[in-house]
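Now, the feature entries from TrEMBL:
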BINDING   B:D29, B:D73, B:D201  Mg(2+) 3 binding site
BINDING   B:D29, B:T43, B:D73  Mg(2+) 4 binding site
BINDING   B:D45, B:D116  Mg(2+) 1 binding site
BINDING   B:D45, B:D73  Mg(2+) 2 binding site
BINDING   B:H52, B:D247, B:Y292  substrate binding site
BINDING   B:G115, B:D116, B:R142, B:S203  ATP binding site
BINDING   B:D204  Mg(2+) 5 binding site
DOMAIN    B:28-133  domain 'PurM-like N-terminal'
DOMAIN    B:146-231  domain 'PurM-like C-terminal'
There are 2 protein chains.
Amino acid sequence: MAGMTPEAAFIAALRGIASHPAARGLADDCAVLELGRETLILTHDMMVEGVHWLAGQDPADVAWKLLATNLSDLAAKGAEPIGVLLGYTLAEDNNRFIEGLGEALAHFGVPLLGGDTVRSPGAQTVGLTALGRATCQPVPSRSGAQAGNTVWITGPVGAAMLGFEALTCGNTSADTSAYRRPTPRLAEGCALAPLVTAMMDVSDGLLLDASRMAEASNVTIALDPARIPVPVGLPKDRLRDAISWGDDYELLFTLPVEAAPPCPAHCIGSVLPAGEAPLLLDGAAPYGQLGYEHR
Amino acid sequence: MAGMTPEAAFIAALRGIASHPAARGLADDCAVLELGRETLILTHDMMVEGVHWLAGQDPADVAWKLLATNLSDLAAKGAEPIGVLLGYTLAEDNNRFIEGLGEALAHFGVPLLGGDTVRSPGAQTVGLTALGRATCQPVPSRSGAQAGNTVWITGPVGAAMLGFEALTCGNTSADTSAYRRPTPRLAEGCALAPLVTAMMDVSDGLLLDASRMAEASNVTIALDPARIPVPVGLPKDRLRDAISWGDDYELLFTLPVEAAPPCPAHCIGSVLPAGEAPLLLDGAAPYGQLGYEHR
């Protein structure tokens with residue numbers, strides 16, 4: 001495991017004990033579990049103070065984002081949320097977290113089913129398990145992209161980055177909601193699931209996540225930077241930053257060339273047979289860091 | 001919420017946003033969710049370094065205990081485990097955790113389905129979500145104990161306390177496995193579920209958990225200290241400590257007076273109509289702290 005980040009090494013080691021097919025080799029956004037006549041979709045994401053959110057950020061936004069990021073994993077499977085379980089280490093003031101969680105649960109129509117609350121001497125750590133029900137079979141995966149497919153994204157990337165930057169430099173007039181309160185593309189995921197050959201949410205940066213999809217599918221994905229949607233007002237020289245930044249939670253998907261998406265989306269590239277690099281940007285393998293690699 | 005611990009206050013506030021019947025008012029060990037023809041049982045428990053395990057303890061034991069405590073919640077519902085999702089903050093050395101988790105999953109025959117791994121600057125925090133399938137209807141709860149029932153426990157309380165004490169004072173010749181590697185009573189839970197009027201696992205101490213069962217059932221539970229099983233070698237003057245200590249993970253349950261348990265168990269008391277105190281020990285309300293109250 002030389003050269004791996006500690007997180008990547010841990011996940012690689014975990015794969016050795018996650019042999020059940022529902023685990024999908026720990027290489028997908030969710031577990032996919034057949035249960036009677038239903039197909040359950042399961043995901044668990046954690047967030048840590050100072051790592052996944054800024055110290056001093058409104059805990060109501062933290063709660064919203066915790067729910068939204070987990071629901072985004074369900075969206076990538078075309079799943080309808082069933083409910084969530086919360087893991088929570090207590091902070092000094094917990095009221096704003098509860099308010100934000102209640103607001104987000106009501107907004108997305110998802111019930112809180114249970115969880116656990118503990119004391120911790122360290123940084124606050126929150127986790128959420130989301131359960132969903134697959135709305136179509138087969139359940140989309142990252143690994144189905146095929147040469148000849150088109151590559152699409154449901155919306156712009158970079159808005160979360162701009163929001164983060166406005167928050168950290170104290171620009172209170174800027175709209176920071178894309179960073180603080182992302183929107184999981186649940187309706188889009190359900191609409192797309194019957195059509196896509198591969199789908200995932202863009203949580204760690206478009207370049208990195210597209211590269212992961214390409215590797216899982218054993219293809220090369222060629223992106224056309226001129227067609228990648230970005231937020232209004234993004235400086236032109238920040239495109240590369242925007243496509244390497246995470247937290248946007250749009251859906252990235254591939255379609256047969258003749259298919260058109262049933263929801264607003266942008267065609268940003270095409271799938272090629274596996275070449276030397278999993279990812280091409282404007283025809284060349286992109287240099288440098290592709291995204292949020294478990295920093 | 002005056003007088004409440006911060007954890008109790010948080011849970012009380014969470015109840016306000018957990019109105020779905022599957023959440024059981026956040027007052028039970030698990031969520032109980034009807035899904036097609038199946039009844040899913042869901043639980044999520046967390047553990048924090050220095051709070052739920054001793055700094056320096058073998059991470060393989062931490063992994064075992066994390067799985068065992070969650071499976072114990074399923075046992076209390078008479079559920080068969082389906083699988084688990086792991087939430088894990090990285091430590092310096094993660095190999096022993098993976099080894100212990102693999103060993104425990106194999107031992108209990110439970111698949112790892114997914115999870116998340118994150119960096120954290122603080123104390124290590126681990127969480128596990130366990131999913132199970134109910135084996136009988138209605139699914140046992142804490143709240144069904146009825147006056148006239150008998151009160152039972154599947155095994156001794158106090159062994160985990162003795163193990164903890166041996167570990168903390170460096171007594172390497174003592175058997176500390178009850179503390180390090182508890183055994184969830186899965187088979188017993190399934191066998192008992194069709195017969196019990198109420199059932200829960202004893203995780204926070206017999207007195208405290210019996211008191212919670214009594215309050216949930218709106219009865220008084222009278223325990224006979226002379227009949228409470230304790231480990232061989234427990235000094236006689238430590239009975240009160242043993243029944244106030246947690247971590248034993250035996251099942252506490254109530255039966256109609258004519259019923260006999262289908263597995264080894266000890267009758268330790270009886271259920272009375274609700275009196276002034278939810279719990280009587282040798283005929284009197286016990287003084288002092290009853291158990292592990294979210295310290």
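Indices start at 1 and increase along the chain as displayed.
Keep in mind that glycine also has a Cβ here, set from the backbone N, Cα and C atoms.
Whatever TrEMBL says is automated annotation, not expert-curated.
These numbers come from a predicted model, not from an experiment.
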* Name, in order along the sequence, the binding-site residues among B:H52, B:D73, B:S203, B:D204, B:D247 with a Cβ closer than 8 Å to any chain A Cβ. => B:H52
* Asked: Taking DSSP states H, G and I as helix and E and B as strand, how many residues of the domain 'PurM-like N-terminal' (B:28-133) are helix, strand and coil?
  -> 32 helix, 45 strand, 29 coil
* Looking only at C-alpha atoms, tell me how far B:D116 (Mg(2+) 1 binding site) is from B:D204 (Mg(2+) 5 binding site), rounded to the nearest Å. => 27
* How big is the gap, in Å, between the Cα of B:D73 (Mg(2+) 3 binding site) and that of B:S203 (ATP binding site), rounded to a whole number? -> 9
* Structure fact -> The number of other Cβ atoms within 10 Å of the Cβ of B:R142 (ATP binding site), counted over all protein chains shown, is 22
* Would you report the average pLDDT that the model assigns to the domain 'PurM-like N-terminal' (B:28-133)? => 94
* Structure fact -> CB neighbours within 10 A of B:T43 (Mg(2+) 4 binding site), counting all protein chains shown, number 29
* Asked: Quick one: which residues besides B:D29, B:D73, B:D201 have a Cβ within 8 Å of the Mg(2+) 3 site's Cβ centroid, in sequence order?
  -> B:C30, B:T43, B:S72, B:L74, B:A75, B:A76, B:K77, B:M200, B:S203
* Count the Cβ atoms, other than its own, that fall within 10 Å of the Cβ of the residue listed as 'Mg(2+) 5 binding site', considering every protein chain shown. => 22
* Greatest CA-CA distance (Å) over the residues B:G115, B:D116, B:R142, B:S203 that the record ties to ATP? -> 31
* Asked: In Å, rounded, how far does the Cα of the residue listed as 'Mg(2+) 5 binding site' sit from the Cα of B:H52 (substrate binding site)?
  -> 12
* To do: Cα within 10 Å of B:D247 (substrate binding site) is the criterion; apply it to the binding-site residues B:T43, B:D45, B:G115, B:R142 and give the hits in sequence order.
  => none
